[in-house]
């Protein structure tokens, strides 16, 4: 019975997602979960007293290690897995849908979700363009698209031909830097950046993900681009061919652009919509439900009308335009949100442009280009009563949230897979023990004799192995798109900054009423609440491992 109350409390903490802070320190020596200590009783969470002078410090440290190991094993119930719902909507800001009167949407990867089968087609077409039009070596044709290589949100240092993952504080995550298809050793990465992992602000990507020498790959279409870039670099390095990094980067990005400009991607999708377009019936259900509840809808996309029309007919039906109050195609986002000079032009049923001046935006009509300032003037849709959904954090959401006060929703298809991984027992146990071990390392570093340092080095090695295990569960090369080992990624930082809500697909809206209020959970700062497993039982003591931390005052 001694540990039953404590274990029950810890289980409740875990099942509640770790919300809430530590118990207030008590002057009583008893453990709140275990009752008064009896003769010889030992709460598994209560720290052993500091060893006496001359005691075997190594044995003391390993005893602490085993205590923590048992605690983690006992307090992590099976039901803690599968807590997160992949179909849920997650909130960065509090937002009530009852306040939203107008819903706006991007098209690609928002209204229309595409199958991963599209990526090999883009890769192969751009690879062949490089060979046939840019005269790159024929040997590059041996490379095929590898869907397991890259993840979204990576940065590419053009001058160094380095593809890497950067955290929210501009630090390269060591072990995630690749030149071509080969990992770059950590010490070489540090040397490349002047003895540090930090990327200075002036080199980093700017507001729209582009910097003077470093680009961030933010949209889903960039996955085949990163793969092709890495394959071409790999070929040149493997064959000892000299190349200019800037020219190579530009040629690859131009080849990828040609796939879009020439309409190849549009042709593939139009020829087999059943293969490439996913969840079309769910898109129809979302739009119909919103209209049935009196919401106004609009569409702003960079795609051409003929392509959008065929896709919407496939998903929604021939009368799809009657669902939308305004439809804008070839909008040229993100310039649409900042450039006041481009006027709207009306398209007729055949896709021909009209020359008359646009003084109002009519339901059922199609408009091309334009700009947000005229859009706001003509519709009077302003501020928090507008909620716009898109997949590109920069091109779709950044300006709308920061400059115009719209509410924004990010569509992140990768979220579904990542949540399923987080829900696995392997991930949960690995991460929890990793956090507990980190806490032990932090507290036990006060012991600096030779034997203790050897124990701590063993723990450090185990911690690094655990980090690599959890990273590889998501992607062997780069890990999760949302986290480095312990910090949010640069991608996550932008996701939180530019979106009120984020979800795996638009269909997640079907799980909530149209007047639902989303409440973000209070995220504790480092100084506010010690919530990890190694500190769960701080109610048992005034200060965790007080004897070991006596040097801190």
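A Cβ is built for glycine as well, from the same backbone N, Cα and C atoms used for every other residue.
For 106, the entry in Swiss-Prot reads active site, nucleophile, with the evidence type similarity to another entry. Sequence annotations record features per position, and here Swiss-Prot assigns active site, proton donor to 108. For 106, 108, 391, the entry in Swiss-Prot reads Mg(2+) binding site, with the evidence type similarity to another entry. Annotation source Swiss-Prot lists region 'Disordered' at 26-51.
This view paints the features noted in Swiss-Prot onto the structure.
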| residue | record | CB count, 10 Å |
| --- | --- | --- |
| 106 | active site, nucleophile | 24 |
| 108 | active site, proton donor | 22 |
| 391 | Mg(2+) binding site | 24 |
Original post:
Hey, does DSSP put the residue listed as 'active site, nucleophile' in a helix, a strand, or just coil?
Top reply: coil
Original post:
Can you list, in sequence order, the residues of the same chain other than 106, 108, 391 whose CB lies within 8 Å of the CB centroid of the Mg(2+) site?
Top reply: 107, 109, 110, 111, 112, 219, 301, 390, 392, 396, 411
Original post:
Which whole-number value in Å describes the distance between the Cα atoms of residue 106 (active site, nucleophile) and residue 391 (Mg(2+) binding site)?
Top reply: 8
**OP:** Pop the Cα-Cα gap between residue 391 (Mg(2+) binding site) and residue 108 (active site, proton donor) into the table, whole Å please.
**Re:** 8
